[in-house]
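Asker: Before I ask anything, let me first share the structure, which is written out below as structure tokens.
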């Protein structure tokens, strides 16, 4: 081992794009970043498709990105894994046990999930396959649609609703019950007023009522409300849940289903309806004691575990929006804290959308980081700056430019702090976003992640090095080489430090 310590700085949503048009990063005022890329070794990292365990051309996301960064290997992601396993869904023992209980209770099945082909939180085909299986098993099904508009174009819901309606039109035991924008049904930032609106529509049939789903979406469009923000509403004569019913969540990503599922499964008050017979696609969290259709596989010997096994101290810092990513996901889906691992969560601003406060909590994260650096205690510090991603998702390029300038100032403060210390600053991202802000083909803001590579930069290294291009799973092995810690065989990534010369 050496005396080096490493700060892994994850600029969430910061991609490389040679085209400066509609590129918030290229257009922002970034003197410190310009200095960094002019004087420190750098390379490009791939964040999508098979390089991160996803299908070809499937864009990456924060969950996949942090799993890849922390595990140091290509992990077959839930999307790909479930794509294979769902082919035998009618024989899935977990589904059969779930439906047997519904039959015994003479109940119906509620299916909820993000109706999207974005591939980040869900797959439309998964929902359709499960609907078919339940119909085959002669279970009455009602569907609660969560609309996207974030990992898909902002006004694209009618496309997916038409696909769903066409699929179920000949299924007499299947109907659409509610519609909600993901802003309400998939909040992860403890804004429970949003989650409650979605819950009330599902549990009690509360909300504006429409005869059919197309008119519900069109009515919101006419009011200037796009997919993500569509207010929870009710379709047809849907009256709500009964305690004898069952509930399936078809999202395969955990962070944005926990709040709504806790409301559905846990007693809140005397007027609250809960469904004990609830099942998810994967094990979402230890907080949720519900079974799953496709159990996860354990990931061992992650970067965090290796640092802990070396009896070294490590620190994770992020604001609320990305806290799970630098902890749970970075540790390979492990919620328990490793020995000598510390975690600090900085509250995200309480605003409707982050273009209203593009600085988010970046300055607070930086101030906290600098205090911790000065302790000279930690061998590894992992921080996540959410700005480029979360502000980029709003599609507001001017606000995103302000977010990028904020990050630039934070990087300048970090570099000044680590000067003449043993800290080496490793800068990268989990995926792109802010570097591509407009969809020219569809003539609308582009709010999703991108297929662009992300930067990989090593700052303050004591000797001159060159870096190779690679993938996200190569970051952990590179950090281990810097720390002079042996890479375990489970890590199949390679160090990006070029030793060919």
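Here the Cβ of each residue, glycine as well, is placed from N, Cα and C on the backbone.
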Asker: Please state which member of 43, 62, 473 Swiss-Prot lists alongside 12, 430, 431 for binding Mn(2+) 2.
Answerer: 62
Asker: Do you know which of 313, 449 Swiss-Prot groups with 389, 393 in the Mn(2+) 1 site?
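Answerer: Swiss-Prot names 449 for this Mn(2+) 1 site.
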Asker: For the substrate site that Swiss-Prot assigns to 121, 150, 151, 188, 253, 254, 255, 256, 322, which of 182, 316 is also named?
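Answerer: The record-listed residue among the candidates is 182.
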Asker: Excluding 389, 393, 449, please set out which residues of the same chain place their CB within 8 Å of the center of the CB atoms of the Mn(2+) 1 site, keeping sequence order.
Answerer: 12, 13, 62, 150, 388, 390, 392, 431, 433, 434, 447, 448
Asker: Distance check, please: Cα of residue 151 (substrate binding site) against Cα of residue 62 (Mn(2+) 2 binding site), rounded to an integer number of angstrom.
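Answerer: With the alpha carbons as reference points, the distance is 12 Å.
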Asker: Within 10 Å of the Cβ of residue 389 (Mn(2+) 1 binding site), how many other Cβ atoms are there?
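Answerer: By my count, 30.
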Asker: Between residue 430 (Mn(2+) 2 binding site) and residue 188 (substrate binding site), what is the CA-CA distance rounded to a whole number of Å?
Answerer: 19
Asker: What other residues of this chain sit with their CB within 8 A of the center of the CB atoms of 12, 62, 430, 431, the recorded Mn(2+) 2 site?
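Answerer: For the Mn(2+) 2 site, the extra neighbours are 10, 13, 47, 60, 61, 65, 66, 325, 389, 429, 433, 449.
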Asker: What are the non-local neighbours of residue 449 (Mn(2+) 1 binding site), defined as same-chain residues 6+ apart in sequence with CB under 8 A from its CB?
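Answerer: The list for residue 449 (Mn(2+) 1 binding site) reads 13, 59, 60, 61, 120, 151, 389, 431, 432, 433, given in order along the sequence.
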Asker: Which of the binding-site residues 12, 62, 393 has its Cα closest in space to the Cα of residue 254 (substrate binding site)?
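Answerer: Among 12, 62, 393, 62.
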Asker: In whole Å, note down how far the CA of residue 62 (Mn(2+) 2 binding site) lies from the CA of residue 121 (substrate binding site).
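Answerer: Taking the Cα atoms only, residue 121 (substrate binding site) lies 11 Å from residue 62 (Mn(2+) 2 binding site).
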